[in-house]
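Per TrEMBL, the features are as follows:
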{"type": "ACT_SITE", "residues": "Glu145", "note": "active site, proton donor"}
{"type": "ACT_SITE", "residues": "Glu353", "note": "active site, nucleophile"}
{"type": "BINDING", "residues": "His99, Asn144, Tyr278, Trp399, Glu406, Trp407", "note": "substrate binding site"}
Amino acid sequence: GAYLEGGRTPCIWDTFCAVPGKVSNGETGAVACDHYHRFKEDVKMMKELGLASYRFSISWSRVLPTGRGEANPEGVKFYRALLEELVASGIKPLATIYHWDLPQCLEDEYGGWLSRKVVDDFEHYAAVCFREFGDLVKDWITFNEPWCSTVLGYANGEMAPGRSDNAETEPYTAAHHIILAHAQAVHRYRREFQAEQKGVIGITLNMDWREPLTDSEADKAAAQRALDWALGWFADPIWKGDYPESMRRRCGDRLPSFTEAEKVMIKGTSDFFGLNHYATAYASAPEGKAQTKSMWGNVQSGGYFDDQDVNLKDDPRWGRTDMDWGVVPWGLKRMCLYIQREYQPQGGILVTENGCAVKEDTVADAENDTFRVEFYQGYIAQMHGAIQEGADVRGYFAWSLMDNFEWALGYSKRFGIVRVDYETQERFVKASAKMIGEVSSSNVLKLPARVLQGSEFVRIEAGTALATSKDRPLERPHEALNVAEADARVEHQIRCQHGPACCECCPVFLASGGPDAQRS
């Protein structure tokens, strides 16, 4: 919020939101949950819930309105006030330096992440943050989900800056500069600030687990390509010194290369492995050209999307979130174990985002968000299972504290454990907030046996796979669903607590055999 207050200048998302059709309902982040004006009451709420830590991001154009130069005193004052409130309340801050909001002036000047000039400008911005806030922040994240910044920003154009004409090269160029900027910022921190401030610094990468659809070598290779093209793209240079071999082989000179000196500079520049995780899909080798659809239903092909050459499928038995993403807790376990096995991060793994959107038409729906409670119970249980099997997981953050501006989806999806009435800005604590607070306070997870059992891995039945809804929203009429899908849909209705009355009038319920479907 407060997008024109306190000396802040526009970022690329302000510009993107102003383009008709880019954001649901033409909504913007101008006010959002108004945390800028309400942070004291929000921190008080966190303390009352028993939350131990709070992850937030810093706005580049609020701290440096011209993208470089001296810090904006009003911007510094706001973030220091927030940080002091957190520390006084016993809440540990985790600060993200860049969450997709490049100052528009730098985009206008030299094309933002497509120019090598941005690397030095980001290092300077990061150093300003270290200098102004490092006495209060001991845990830093340089970049949040650079995959989203690059693929959604430069391949399919569905997020800022909204480019898609050069999907063969621009995502790779932008990513290359982000990796270099991350490394330079980390070296700056280690060289000038870390010894005195005694903090840690790393990067957060987003990755959904990819399970091979079958035991065939082709499907196993496809699953690995999916991991390489989203996670390894950024993790391999930072933990191993270069891009995955599969990417270098397939992309050729379209994938920028690091000099030997840059490889040395980049390797080892994360004190922990930050992971944002939401969903899982089965990966298979395509028959012919791979083709996926985005969350907006647009066909994704060419460039980046052709390069990875993977088809993704869902199990129709999985529960669904309001994003229509599958609820697959065992995917988080396998993801954590894969990271541990592949990268052995010395500072461990921080799950910096995990959560779900739930349709909540009323305050009562929100305050009794059983679906989200059981989502968190299942995922945290599987994360614990990963720890028991050797994954060094040291932290977990729910996304998100409050309902908020969900980028190109505007305010249409609610991920928060606290409901926000966007008209009055009133906050309503949901059942999931109390549950997360209890886990945070006690370090103990209590959950029903059926939720634990339901979180475990069960292989997909042959021939039942559906095109993953994280790449293609479900658009077929209910009457066309098979019985297995119908059961999954009824389960979703029941778990969302719409009740039998809703189910009995639903075509899915009728198509699945009436009352017998209640076995779900």
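Heads up, residue numbers simply count up from 1 along the chain you see.
Yeah, the Cβs are placed from backbone N, Cα and C, and that goes for glycine too.
Sequence features annotated in TrEMBL and their locations in the structure.
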residue : record                    : CB count, 10 Å
His99   : substrate binding site    : 18
Asn144  : substrate binding site    : 22
Glu145  : active site, proton donor : 23
Tyr278  : substrate binding site    : 25
Glu353  : active site, nucleophile  : 21
Trp399  : substrate binding site    : 19
Glu406  : substrate binding site    : 20
Trp407  : substrate binding site    : 20
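Between the alpha carbons (Cα) of Tyr278 (substrate binding site) and the residue listed as 'active site, nucleophile' lies a span of roughly 8 Å. The two recorded residues, Glu353 (active site, nucleophile) and Trp407 (substrate binding site), have Cα atoms 16 Å apart. Taking the C-alpha positions, the distance from Trp407 (substrate binding site) to the residue listed as 'active site, proton donor' comes to 13 Å. Taking every pair among His99, Asn144, Tyr278, Trp399, Glu406, Trp407, the residues listed as contacting substrate, the largest Cα to Cα separation comes to 17 Å.
Checked against the residue listed as 'active site, proton donor', the binding-site residues His99, Trp399, Glu406 differ in C-alpha distance, with His99 being the nearest.
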